[in-house]
(Lines of atoms letter the chains of each structure in order from A and count residues from 1; the text may use other names and numbers.)
(Lines give C-alpha, C1' and ligand atoms only; values in the text may rest on other atoms or scores of the structure.)
Protein backbone atom coordinates (compact mmCIF):
# COMPACT_ATOMS: atom_id res chain seq x y z
CA UNK A 1 0.00 0.00 0.00
CA UNK A 2 1.55 3.27 -1.07
CA UNK A 3 -0.11 5.49 1.51
CA UNK A 4 1.44 6.82 4.70
CA UNK A 5 -0.45 6.07 7.94
CA UNK A 6 -1.02 9.10 10.17
CA UNK A 7 -0.85 9.03 13.97
CA UNK A 8 -1.81 11.93 16.25
CA UNK A 9 0.05 12.86 19.44
CA UNK A 10 -2.08 12.93 22.55
CA UNK A 11 -1.79 15.76 25.10
CA UNK A 12 1.32 15.64 27.31
CA UNK A 13 -0.88 15.35 30.39
CA UNK A 14 -3.05 12.49 29.11
CA UNK A 15 -2.31 10.50 32.28
CA UNK A 16 -2.88 12.25 35.62
CA UNK A 17 0.02 13.35 37.81
CA UNK A 18 -0.78 10.47 40.17
CA UNK A 19 -0.08 8.18 37.22
CA UNK A 20 -3.04 6.01 38.15
CA UNK A 21 -5.75 7.32 35.85
CA UNK A 22 -6.63 9.25 32.71
CA UNK A 23 -7.26 12.98 32.84
CA UNK A 24 -10.67 13.78 31.24
CA UNK A 25 -11.55 10.20 30.16
CA UNK A 26 -14.89 11.20 28.56
CA UNK A 27 -13.35 13.88 26.39
CA UNK A 28 -10.57 11.45 25.47
CA UNK A 29 -13.04 8.75 24.39
CA UNK A 30 -14.93 11.28 22.25
CA UNK A 31 -11.71 12.60 20.70
CA UNK A 32 -10.45 9.10 19.88
CA UNK A 33 -13.77 8.26 18.24
CA UNK A 34 -13.54 11.44 16.15
CA UNK A 35 -9.97 10.63 15.09
CA UNK A 36 -11.09 7.17 14.05
CA UNK A 37 -13.73 8.63 11.71
CA UNK A 38 -11.07 10.92 10.23
CA UNK A 39 -9.18 7.85 9.07
CA UNK A 40 -6.28 8.28 11.47
CA UNK A 41 -4.25 5.11 12.05
CA UNK A 42 -3.61 5.68 15.72
CA UNK A 43 -2.33 7.94 18.47
CA UNK A 44 0.95 8.48 20.30
CA UNK A 45 1.38 8.87 24.06
CA UNK A 46 4.34 9.54 26.36
CA UNK A 47 4.82 6.93 29.08
CA UNK A 48 6.56 9.31 31.50
CA UNK A 49 9.30 7.84 33.69
CA UNK A 50 8.44 10.56 36.22
CA UNK A 51 4.88 9.20 36.53
CA UNK A 52 5.37 5.45 36.18
CA UNK A 53 8.38 4.87 38.45
CA UNK A 54 7.81 7.81 40.76
CA UNK A 55 7.09 5.87 43.96
CA UNK A 56 10.56 4.35 44.16
CA UNK A 57 13.11 2.25 42.24
CA UNK A 58 11.44 -0.63 40.35
CA UNK A 59 7.98 0.34 41.66
CA UNK A 60 5.96 0.78 38.48
CA UNK A 61 2.44 2.15 38.14
CA UNK A 62 1.02 1.53 34.65
CA UNK A 63 -2.66 1.95 35.62
CA UNK A 64 -3.39 5.16 33.69
CA UNK A 65 -1.75 3.67 30.60
CA UNK A 66 -3.72 0.47 30.98
CA UNK A 67 -6.92 2.50 30.89
CA UNK A 68 -5.78 4.36 27.76
CA UNK A 69 -4.70 1.20 25.90
CA UNK A 70 -8.10 -0.41 26.50
CA UNK A 71 -9.86 2.75 25.30
CA UNK A 72 -7.70 2.91 22.16
CA UNK A 73 -8.35 -0.77 21.45
CA UNK A 74 -12.09 -0.32 21.87
CA UNK A 75 -12.20 2.50 19.30
CA UNK A 76 -10.13 0.44 16.87
CA UNK A 77 -7.04 2.64 16.76
CA UNK A 78 -3.37 1.75 17.15
CA UNK A 79 -0.95 3.19 19.71
CA UNK A 80 2.63 4.43 19.61
CA UNK A 81 4.08 4.53 23.13
CA UNK A 82 7.12 6.66 23.94
CA UNK A 83 9.45 5.46 26.69
CA UNK A 84 9.93 9.00 27.99
CA UNK A 85 13.01 9.02 30.21
CA UNK A 86 13.20 12.83 30.10
CA UNK A 87 11.40 15.53 32.04
CA UNK A 88 8.38 17.27 30.57
CA UNK A 89 8.58 21.05 30.89
CA UNK A 90 11.03 23.71 29.79
CA UNK A 91 10.91 23.07 26.05
CA UNK A 92 8.95 24.27 23.02
CA UNK A 93 5.26 23.50 23.42
CA UNK A 94 5.55 21.92 26.88
CA UNK A 95 2.24 22.67 28.56
CA UNK A 96 2.78 20.79 31.80
CA UNK A 97 5.59 19.84 34.11
CA UNK A 98 6.59 16.25 34.87
CA UNK A 99 10.07 16.05 36.41
CA UNK A 100 12.16 12.88 36.60
CA UNK A 101 11.21 10.52 39.47
CA UNK A 102 11.85 12.09 42.89
CA UNK A 103 14.30 9.34 43.86
CA UNK A 104 16.36 10.11 40.75
CA UNK A 105 16.33 13.84 41.54
CA UNK A 106 17.53 12.95 45.06
CA UNK A 107 20.52 11.16 43.56
CA UNK A 108 21.15 14.20 41.32
CA UNK A 109 21.09 16.47 44.37
CA UNK A 110 23.65 14.28 46.11
CA UNK A 111 25.76 14.00 42.96
CA UNK A 112 25.13 16.92 40.56
CA UNK A 113 27.47 15.32 38.01
CA UNK A 114 24.60 13.02 37.04
CA UNK A 115 23.26 16.06 35.17
CA UNK A 116 24.44 17.42 31.84
CA UNK A 117 26.65 20.41 32.54
CA UNK A 118 27.85 23.27 30.35
CA UNK A 119 31.16 25.17 30.36
CA UNK A 120 30.04 27.65 33.00
CA UNK A 121 28.81 24.89 35.32
CA UNK A 122 25.08 25.18 34.67
CA UNK A 123 23.37 21.83 35.36
CA UNK A 124 20.38 20.48 33.48
CA UNK A 125 17.93 18.11 35.23
CA UNK A 126 15.99 17.13 32.07
CA UNK A 127 17.77 13.83 31.53
CA UNK A 128 20.51 11.80 33.22
CA UNK A 129 23.90 12.55 31.63
CA UNK A 130 25.02 9.84 29.23
CA UNK A 131 28.47 10.16 30.83
CA UNK A 132 27.35 7.82 33.61
CA UNK A 133 25.37 5.35 31.42
CA UNK A 134 27.33 2.33 32.64
CA UNK A 135 27.94 3.33 36.27
CA UNK A 136 25.66 2.10 39.10
CA UNK A 137 24.75 5.66 40.12
CA UNK A 138 20.96 5.18 40.46
CA UNK A 139 20.73 3.31 43.77
CA UNK A 140 22.89 0.45 42.59
CA UNK A 141 21.63 0.32 38.99
CA UNK A 142 23.16 1.97 35.93
CA UNK A 143 20.93 4.33 33.94
CA UNK A 144 20.94 1.78 31.08
CA UNK A 145 19.75 -0.91 33.52
CA UNK A 146 17.04 1.40 34.84
CA UNK A 147 15.78 2.11 31.30
CA UNK A 148 15.93 -1.62 30.47
CA UNK A 149 14.03 -2.64 33.60
CA UNK A 150 11.38 -0.02 32.79
CA UNK A 151 10.94 -1.32 29.23
CA UNK A 152 10.83 -4.91 30.51
CA UNK A 153 8.12 -3.98 33.02
CA UNK A 154 6.14 -2.34 30.20
CA UNK A 155 6.51 -5.44 28.03
CA UNK A 156 5.36 -7.75 30.80
CA UNK A 157 2.39 -5.59 31.71
CA UNK A 158 1.12 -5.10 28.15
CA UNK A 159 2.36 -8.25 26.43
CA UNK A 160 -1.07 -9.14 24.99
CA UNK A 161 -1.34 -5.73 23.25
CA UNK A 162 2.14 -5.64 21.73
CA UNK A 163 2.18 -5.93 17.95
CA UNK A 164 -1.58 -5.43 17.64
CA UNK A 165 -2.94 -2.45 19.59
CA UNK A 166 0.55 -1.21 20.51
CA UNK A 167 2.13 -0.89 17.07
CA UNK A 168 5.29 0.97 18.03
CA UNK A 169 7.53 1.70 20.98
CA UNK A 170 9.61 4.84 20.62
CA UNK A 171 12.68 4.66 22.82
CA UNK A 172 13.61 7.94 24.52
CA UNK A 173 17.35 8.67 24.37
CA UNK A 174 17.64 12.23 25.61
CA UNK A 175 15.90 15.55 26.26
CA UNK A 176 12.50 15.73 24.51
CA UNK A 177 12.92 11.99 23.92
CA UNK A 178 15.46 12.82 21.20
CA UNK A 179 18.94 11.36 20.71
CA UNK A 180 20.82 14.59 21.46
CA UNK A 181 22.44 16.71 24.14
CA UNK A 182 20.35 19.45 25.83
CA UNK A 183 22.39 22.10 24.01
CA UNK A 184 19.55 24.59 23.57
CA UNK A 185 17.56 24.69 26.84
CA UNK A 186 14.63 27.11 26.80
CA UNK A 187 14.14 27.17 30.57
CA UNK A 188 14.92 30.50 32.29
CA UNK A 189 15.78 32.08 28.94
CA UNK A 190 19.16 30.32 28.85
CA UNK A 191 18.94 29.87 25.07
CA UNK A 192 16.92 31.69 22.43
CA UNK A 193 16.38 30.87 18.75
CA UNK A 194 18.54 30.93 16.63
CA UNK A 195 21.44 30.69 19.09
CA UNK A 196 24.19 28.13 18.48
CA UNK A 197 23.78 26.49 21.89
CA UNK A 198 26.62 25.12 24.02
CA UNK A 199 28.50 21.86 24.41
CA UNK A 200 27.26 19.78 27.36
CA UNK A 201 30.36 17.84 28.36
CA UNK A 202 31.41 19.28 31.69
CA UNK A 203 30.06 16.81 34.23
CA UNK A 204 32.92 14.83 35.78
CA UNK A 205 32.06 11.63 33.86
CA UNK A 206 32.13 13.32 30.46
CA UNK A 207 35.34 15.16 31.42
CA UNK A 208 37.01 11.90 32.41
CA UNK A 209 36.03 10.32 29.10
CA UNK A 210 37.39 13.27 27.13
CA UNK A 211 40.65 13.22 29.08
CA UNK A 212 41.05 9.48 28.36
CA UNK A 213 40.35 9.99 24.65
CA UNK A 214 42.97 12.74 24.46
CA UNK A 215 45.53 10.69 26.38
CA UNK A 216 44.95 7.75 24.04
CA UNK A 217 46.28 9.79 21.11
CA UNK A 218 49.06 11.42 23.16
CA UNK A 219 47.45 14.89 23.22
CA UNK A 220 46.76 15.37 26.94
CA UNK A 221 46.20 19.10 26.53
CA UNK A 222 43.16 18.38 24.34
CA UNK A 223 41.42 16.58 27.18
CA UNK A 224 40.97 19.46 29.60
CA UNK A 225 37.41 20.35 28.60
CA UNK A 226 35.51 21.44 25.51
CA UNK A 227 36.70 24.17 23.13
CA UNK A 228 37.39 27.47 24.94
CA UNK A 229 36.25 29.62 22.00
CA UNK A 230 32.86 28.09 21.17
CA UNK A 231 30.86 31.05 22.47
CA UNK A 232 27.56 31.17 24.33
CA UNK A 233 24.01 29.85 23.91
CA UNK A 234 22.56 32.88 22.14
CA UNK A 235 25.49 33.75 19.89
CA UNK A 236 25.88 33.33 16.14
CA UNK A 237 28.63 31.19 14.57
CA UNK A 238 30.58 34.17 13.23
CA UNK A 239 30.86 35.62 16.73
CA UNK A 240 32.99 32.67 17.87
CA UNK A 241 36.46 31.43 17.10
CA UNK A 242 35.35 27.82 16.98
CA UNK A 243 32.30 27.95 14.68
CA UNK A 244 33.12 30.83 12.30
CA UNK A 245 33.78 30.13 8.66
CA UNK A 246 37.50 29.34 9.00
CA UNK A 247 37.13 28.37 12.67
CA UNK A 248 38.75 25.77 14.89
CA UNK A 249 35.93 23.29 14.14
CA UNK A 250 37.86 22.38 11.01
CA UNK A 251 41.26 21.95 12.72
CA UNK A 252 42.85 18.71 13.90
CA UNK A 253 41.79 19.57 17.46
CA UNK A 254 38.26 20.49 16.37
CA UNK A 255 37.84 17.20 14.54
CA UNK A 256 39.15 15.25 17.54
CA UNK A 257 36.72 16.94 19.91
CA UNK A 258 33.65 16.73 17.65
CA UNK A 259 34.33 13.09 16.89
CA UNK A 260 34.56 12.25 20.59
CA UNK A 261 31.44 14.29 21.48
CA UNK A 262 29.27 12.83 18.71
CA UNK A 263 30.58 9.29 19.29
CA UNK A 264 29.58 9.47 22.95
CA UNK A 265 26.03 10.24 21.78
CA UNK A 266 26.07 7.43 19.21
CA UNK A 267 27.31 4.96 21.84
CA UNK A 268 24.53 6.08 24.17
CA UNK A 269 21.92 5.43 21.46
CA UNK A 270 23.55 2.11 20.64
CA UNK A 271 23.41 0.90 24.28
CA UNK A 272 19.76 1.82 24.78
CA UNK A 273 18.58 0.50 21.40
CA UNK A 274 20.50 -2.77 21.77
CA UNK A 275 18.74 -3.28 25.10
CA UNK A 276 15.33 -2.33 23.65
CA UNK A 277 15.80 -4.63 20.66
CA UNK A 278 16.45 -7.57 22.99
CA UNK A 279 13.49 -6.73 25.23
CA UNK A 280 10.93 -6.33 22.44
CA UNK A 281 12.28 -8.99 20.09
CA UNK A 282 9.52 -11.30 18.91
CA UNK A 283 6.67 -9.15 20.25
CA UNK A 284 5.74 -7.81 16.81
CA UNK A 285 6.16 -4.22 17.97
CA UNK A 286 8.13 -1.73 15.88
CA UNK A 287 10.92 0.22 17.57
CA UNK A 288 11.73 3.81 16.72
CA UNK A 289 14.16 6.46 17.87
CA UNK A 290 13.81 10.21 17.48
CA UNK A 291 16.36 12.62 16.04
CA UNK A 292 15.99 16.40 16.42
CA UNK A 293 15.50 18.62 13.36
CA UNK A 294 18.07 21.34 14.06
CA UNK A 295 17.71 23.48 10.98
CA UNK A 296 19.17 26.82 12.11
CA UNK A 297 22.69 27.71 10.86
CA UNK A 298 22.36 24.78 8.46
CA UNK A 299 23.52 27.06 5.64
CA UNK A 300 26.84 27.83 7.36
CA UNK A 301 29.95 25.68 6.99
CA UNK A 302 30.17 24.51 10.58
CA UNK A 303 26.46 23.82 11.27
CA UNK A 304 27.12 25.07 14.83
CA UNK A 305 23.69 24.33 16.34
CA UNK A 306 23.85 20.72 15.13
CA UNK A 307 27.37 20.28 16.51
CA UNK A 308 26.53 21.39 20.05
CA UNK A 309 23.53 18.99 20.01
CA UNK A 310 25.87 16.11 19.13
CA UNK A 311 25.29 15.70 15.39
CA UNK A 312 28.70 15.96 13.72
CA UNK A 313 27.27 17.32 10.50
CA UNK A 314 29.28 19.98 8.64
CA UNK A 315 29.83 21.27 5.11
CA UNK A 316 32.19 18.34 4.56
CA UNK A 317 30.81 15.55 6.76
CA UNK A 318 27.45 13.75 6.89
CA UNK A 319 26.43 13.57 10.54
CA UNK A 320 23.17 11.71 9.99
CA UNK A 321 24.50 8.66 8.15
CA UNK A 322 26.19 7.20 11.28
CA UNK A 323 22.97 7.71 13.25
CA UNK A 324 20.90 6.08 10.50
CA UNK A 325 23.30 3.12 10.29
CA UNK A 326 23.21 2.63 14.05
CA UNK A 327 19.40 2.58 13.98
CA UNK A 328 19.24 0.32 10.91
CA UNK A 329 21.55 -2.17 12.64
CA UNK A 330 18.92 -2.68 15.36
CA UNK A 331 15.93 -2.52 12.99
CA UNK A 332 14.85 0.78 14.54
CA UNK A 333 12.77 3.36 12.63
CA UNK A 334 14.55 6.73 12.31
CA UNK A 335 11.97 9.31 13.39
CA UNK A 336 12.68 12.88 12.29
CA UNK A 337 10.97 16.19 13.06
CA UNK A 338 10.43 19.46 11.15
CA UNK A 339 8.76 17.76 8.19
CA UNK A 340 6.30 20.66 7.88
CA UNK A 341 8.79 23.53 7.66
CA UNK A 342 9.67 25.56 4.61
CA UNK A 343 12.87 27.55 4.18
CA UNK A 344 10.90 30.68 3.27
CA UNK A 345 9.18 30.79 6.67
CA UNK A 346 12.47 31.19 8.55
CA UNK A 347 14.14 34.48 9.49
CA UNK A 348 17.01 35.31 7.09
CA UNK A 349 19.59 35.73 9.88
CA UNK A 350 19.06 32.19 11.19
CA UNK A 351 20.76 30.58 8.18
CA UNK A 352 17.99 28.01 8.33
CA UNK A 353 17.22 25.35 5.78
CA UNK A 354 14.79 22.76 7.13
CA UNK A 355 14.07 21.58 3.57
CA UNK A 356 17.74 20.79 2.84
CA UNK A 357 18.06 19.14 6.25
CA UNK A 358 15.06 16.88 5.61
CA UNK A 359 16.46 16.02 2.17
CA UNK A 360 19.81 15.11 3.72
CA UNK A 361 18.15 12.87 6.31
CA UNK A 362 16.05 11.18 3.61
CA UNK A 363 19.21 10.39 1.65
CA UNK A 364 21.08 9.17 4.76
CA UNK A 365 18.28 6.80 5.80
CA UNK A 366 18.06 5.50 2.24
CA UNK A 367 21.79 4.80 2.14
CA UNK A 368 21.72 3.14 5.56
CA UNK A 369 18.57 1.20 4.61
CA UNK A 370 16.82 2.54 7.70
CA UNK A 371 13.09 3.13 7.78
CA UNK A 372 12.15 6.82 8.08
CA UNK A 373 9.13 8.27 9.89
CA UNK A 374 8.27 11.91 10.48
CA UNK A 375 6.68 14.47 12.79
CA UNK A 376 5.96 18.16 12.58
CA UNK A 377 8.08 20.21 15.00
CA UNK A 378 5.58 22.96 15.84
CA UNK A 379 1.80 22.99 16.20
CA UNK A 380 0.33 23.82 12.80
CA UNK A 381 -3.23 23.59 11.55
CA UNK A 382 -2.89 25.27 8.16
CA UNK A 383 -3.04 23.79 4.69
CA UNK A 384 0.46 24.99 3.84
CA UNK A 385 2.10 22.95 6.60
CA UNK A 386 0.07 19.90 5.63
CA UNK A 387 0.93 20.12 1.95
CA UNK A 388 4.63 20.47 2.86
CA UNK A 389 4.39 17.20 4.81
CA UNK A 390 2.65 15.52 1.88
CA UNK A 391 5.44 16.62 -0.46
CA UNK A 392 8.10 15.53 2.02
CA UNK A 393 6.55 12.11 2.53
CA UNK A 394 7.15 11.09 -1.08
CA UNK A 395 10.21 9.27 -2.26
CA UNK A 396 11.52 11.31 -5.22
CA UNK A 397 14.72 11.79 -3.24
CA UNK A 398 15.76 9.36 -0.55
CA UNK A 399 13.46 7.41 1.73
CA UNK A 400 9.72 7.83 1.71
CA UNK A 401 8.02 8.00 5.09
CA UNK A 402 6.72 4.80 6.66
CA UNK A 403 4.48 6.77 9.06
CA UNK A 404 3.76 10.32 10.13
CA UNK A 405 2.85 11.49 13.65
CA UNK A 406 0.97 14.77 13.85
CA UNK A 407 1.60 17.15 16.75
CA UNK A 408 -0.77 17.50 18.58
CA UNK A 409 -4.34 16.74 19.63
CA UNK A 410 -5.89 19.59 21.58
CA UNK A 411 -8.98 21.73 21.53
CA UNK A 412 -7.82 23.75 18.52
CA UNK A 413 -7.57 20.66 16.35
CA UNK A 414 -11.33 20.15 16.61
CA UNK A 415 -12.26 23.66 15.41
CA UNK A 416 -14.16 23.29 12.15
CA UNK A 417 -11.56 24.54 9.64
CA UNK A 418 -8.65 22.88 11.39
CA UNK A 419 -10.53 19.61 11.60
CA UNK A 420 -11.43 19.74 7.91
CA UNK A 421 -7.76 20.32 7.06
CA UNK A 422 -6.76 17.32 9.16
CA UNK A 423 -9.37 15.02 7.59
CA UNK A 424 -8.26 16.07 4.13
CA UNK A 425 -4.58 15.64 5.01
CA UNK A 426 -5.10 12.13 6.43
CA UNK A 427 -7.00 11.15 3.31
CA UNK A 428 -4.32 12.55 0.99
CA UNK A 429 -1.56 10.78 2.96
CA UNK A 430 -3.36 7.45 3.01
CA UNK A 431 -3.96 7.60 -0.73
CA UNK A 432 -0.46 8.95 -1.38
CA UNK A 433 -1.73 11.74 -3.62
CA UNK A 434 -1.81 15.51 -3.92
CA UNK A 435 -4.09 17.36 -1.55
CA UNK A 436 -7.43 18.48 -2.95
CA UNK A 437 -10.04 20.59 -1.23
CA UNK A 438 -12.63 18.44 0.45
CA UNK A 439 -16.30 19.35 0.28
CA UNK A 440 -17.44 21.45 3.24
CA UNK A 441 -19.13 18.52 4.92
CA UNK A 442 -18.23 14.92 4.34
CA UNK A 443 -20.29 11.77 4.32
CA UNK A 444 -18.49 10.11 7.21
CA UNK A 445 -20.26 12.42 9.62
CA UNK A 446 -17.14 13.89 11.16
CA UNK A 447 -18.92 17.23 11.64
CA UNK A 448 -21.22 15.52 14.07
CA UNK A 449 -18.26 14.67 16.27
CA UNK A 450 -16.93 18.20 16.20
CA UNK A 451 -20.26 19.50 17.41
CA UNK A 452 -20.35 16.82 20.04
CA UNK A 453 -16.90 17.74 21.34
CA UNK A 454 -17.75 21.43 21.54
CA UNK A 455 -20.42 20.68 24.10
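Any Cβ shown, glycine's included, is placed from N, Cα and C.
Residue density at residue 295 (substrate binding site): 26 other Cβ atoms are found within 10 A of its Cβ, drawing on all protein chains shown. Residues or ranges marked as substrate binding site in TrEMBL: 46, 86, 94, 290, 295, 337, 376, 377, 408.
Spatially close to residue 178 (active site, proton donor) yet at least six residues away along the chain are 290, 291, 292, 337, judged by Cβ distances under 8 angstroms. Annotation comment: TrEMBL describes 178 as active site, proton donor.
The Cβ of residue 375 (active site, proton acceptor) has 22 neighbouring Cβ atoms from other residues within 10 Å, across all protein chains displayed. TrEMBL lists 375 with the feature active site, proton acceptor.
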Fewest other Cβ within 10 angstroms of its own Cβ, chosen from the binding-site residues 376, 408: 408
